[in-house]
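Undergrad: If you scroll down you'll find the structure; I have some questions about it.
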Amino acid sequence: MTMHALPRYAVFGNPVAHSKSPQIHQQFALQEGVDIEYERICADIGGFAQAVSTFFETGGCGANVTVPFKQEAFHLADEHSERALAAGAVNTLIFLKNGKLRGDNTDGIGLANDITQVKNIAIEGKTILLLGAGGAVRGVIPVLKEHRPARIVIANRTRAKAEELAQLFGIEAVPMADVNGGFDIIINGTSGGLNGQIPDIPPDIFQNCALAYDMVYGCAAKPFLDFARQSGAKKTADGLGMLVGQAAASYALWRGFTPDIRPVIEYMKAL
């Protein structure tokens, strides 16, 4: 059994080679003034539980979880935060002193902190449109609600899935093609940008939009953000700040140190 001298962390996914988490967490460690290990672990489909068990048995202190294992991580955890219970998914595993695993979900914190602290746009009292009804959107709704927006509307190509989330969280649902009216904040949680696609929404909904936000980052966010900008959105942003923000919240849960996300966002932009 190999034990490690430094505090050891990892991100589990499949695929995971593209993950920027190691660079982000090493920047956090520099802020704290400590040395850590942070690695990418590509778990086999069907082998996630064993991979996590091996990691923690050999000195792992905490782990991030990305697709496709967030729901499996939820079931693997011995206890859960309220956020994780509401989201039904876990992106952060914390190894407790009693040997148990605690599951949390920091995606919503990452999104909300990026919008309110980095982009300087208040969520309280605003109208929010969420595009998509998958796990990414479900994971952020609980924290968005904590910020007390005036209204949250979820729009999805398949109405039934949107209505399921609407009933679960006490928000509104509409078919994507029927979206109308202005929104202060429009958040794209669909994955269409990976294929160059944008959600089937009318351009006039961006006329009074203070922020159009895509939860993915880089080239995949460009189609939606270009469309939003051309349609009148005052400000646009990809999900890099959300990525760094959720990582910072995970780091704080593991180590009790809250990193400053702003310089790390700038560092990641420069890579």
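The backbone N, Cα and C atoms fix where each Cβ goes, glycine too.
These figures come from a predicted structure and were not determined experimentally.
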Undergrad: Which of Gly59, Gly108, Gly192, Gly239 does Swiss-Prot put in the same NADP(+) site as Glu82, Gly132, Ala133, Gly134, Gly135, Ala136, Asn156, Arg157, Thr158, Arg159, Ala160, Lys161, Met215?
TA: Gly239
Undergrad: Other than Ser19, Lys20, Ser21, Thr66, Asn91, Asp107, Tyr217, which residues of the chain come within 8 Å of the shikimate site, judged by Cβ distance to the Cβ centroid of those residues?
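TA: After dropping the recorded site residues, what remains is Val11, Asn64, Leu243, Gln246, Ala247.
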Undergrad: Rounded to whole angstrom, what's the largest C-alpha distance between any two of Glu82, Gly132, Ala133, Gly134, Gly135, Ala136, Asn156, Arg157, Thr158, Arg159, Ala160, Lys161, Met215, Gly239, listed as binding NADP(+)?
TA: 29
Undergrad: Can you tell which of the recorded positions Lys70, Ala133, Gly135, Asn156, Met215 lies nearest to Asn91 (shikimate binding site) in space, using Cα positions?
TA: Lys70
Undergrad: Return the residue, from the listed binding-site residues Ser21, Thr66, Asn91, Thr158, with the maximum count of other C-beta atoms within 10 angstroms of its C-beta.
TA: Asn91
Undergrad: Between the Cα atoms of Ala160 (NADP(+) binding site) and Lys70 (active site, proton acceptor), what distance do you get, rounded to the nearest Å?
TA: 22
